[in-house]
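What follows is a short report on a single structure.
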Amino acid sequence: MGQKVLLSEKEINIILHRLACQLLENHLDFKETVLIGIQPRGIFVAKRLTQILREEYGVTRIQTGYLDITFYRDDFRRGDRVLEANKTDIDFLVEDKKVVLIDDVLYTGRSIRAALTAMQSFGRPKEIELLTLIDRRFSRHLPIQPNYRGRQVDAINDERVKVMWEENEGEDVVYLVNG
Amino acid sequence: MSELSVHHLLGIKYLNEADIDLIFETADQFKEVINRSIKKVPSLRDITIANIFFENSTRTKLSFELAEKRLSADVINFSAGQSSVKKGETLIDTVNNILSMKVDMVVMRHPNPGAGIFLSRHVKASIVNAGDGAHEHPTQALLDSYSIREKLGGVAGKKVVIVGDILHSRVALSNIFALKLQGATVKVCGPRTLMPKHVESLGVEVEPNLRKALNWCDVANMLRIQNERLDISYFPTIREYTQQFGVNRKLLDSLDKDIVIMHPGPINRGVEITSDVADSKQSIILNQVENGVAIRMAVLYLLASKIK
């Protein structure tokens, strides 16, 4: 099993800053906007973006939540592994808000489909956008595209994209893993 | 990735500690779900569950039904009272008929101990024991332990006394298994006539004096006097039982600590506990009911994920 570095720590940092700026351009003061990281890996992206927006761009009131989509997935009982739930932590209303769904890798689009269904349990947002750090284009099973993407990757099917985070795995790096 | 070690929930004695942890962790997430304004998730959309109750039950049946509906399962209900069981149909025939309707899971209450185990050997569906005679009532024990964990931060090392009719109680037996498995110390308290023989062999101590038991414990789980199962007199009068084994405010105030009061319901108010105790801050009876739905959702979800 070989792996090569797709994004280094420096590149990730540049990309996150760019994404934060793009969000800022479209959402200004974030009064009507909420960021929602998809469990388990999207929350790292959401946390970093929130941090950058707060510390470097002075956005003081920005609401960030974490959404678990386990109970909404369409592969329940279809895979070999049991789907283990994570924690949903959304302590604000999404009714009439602009929601930015955030995940690390967009692959088949099924997780995002589940997230869109899960969002309905929290109310009716005004609009929903999608932000992903990595977009594995040409792999989609559903007609879902991101509004904001960090890096587009053409990976063949037995390749995996592994996103590591300093706070979880001890380093910021994105690998492309074979097999 | 963890999963349950069993395909059926027949009793606590078939579970291990990791199973209980997994059920509790999953229940935590479902508790969050049932406190949302939209309390339903689509997880069990393609699963059909039959609730087969050969014995009367209100709250367990409602709790299971609610859990099933909140998981989006298709639910059919069957009560022995209005069925062919009255015409002499056997358990296997009844259940096979129901399974022919392509049922994936069966939640069963039955007056005979071991009915669930018997059924699990003869049918393919996943069986959840919702009480089999005086044997086990696993989801009740799970929700009791879960409620203790929620109130006191953990079960290990806690002292729990189970008070009342231990002899006829499936709740007591399942609770003893569940609490011991999680590292609690358990005593039982009640009239000697309502103590099973060799109850000590389960690793519990018998404390015939209620005051001493309450002074010792962190949690008192008060059981209902099951008049329907008392075919002979086990104690002289209800009044005498209440005087010796009933908990009232005066008794609780005379203790040197605040203990947690539990009751699996339905309460005989004024018998096992007085109304002011049942409705007090020390009582977690209504939390038990709420947690019951989350625990049953977790059990059904985890078992359903093993159905291929």
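Glycine is treated like the rest: Cβ placed from N, Cα and C.
All annotation found in TrEMBL is predicted automatically rather than curated by experts.
Binding site for carbamoyl phosphate per TrEMBL: B:Arg59, B:Thr60, B:His137, B:Gln140, B:Gly265, B:Pro266, plus B:Arg109 from the candidate set B:Arg109, B:Arg192, B:Arg239.
For B:Arg170 (L-aspartate binding site), other Cβ atoms within 10 Å of its Cβ number 22. Of all the binding-site residues listed (B:Gly265, B:Pro266), B:Pro266 has the fewest other CB atoms within 10 A of its CB. A 10 Å cutoff on Cβ-Cβ distances gives B:Arg109 (carbamoyl phosphate binding site) a total of 26 other Cβ atoms nearby, all chains included. DSSP places the residues of the domain 'Aspartate/ornithine carbamoyltransferase carbamoyl-P binding' (B:8-150) in helix, strand and coil in these numbers: 70 helix, 26 strand, 47 coil. In this structure, the C-alpha atom of B:Thr60 (carbamoyl phosphate binding site) lies 13 angstrom from that of B:Arg170 (L-aspartate binding site).
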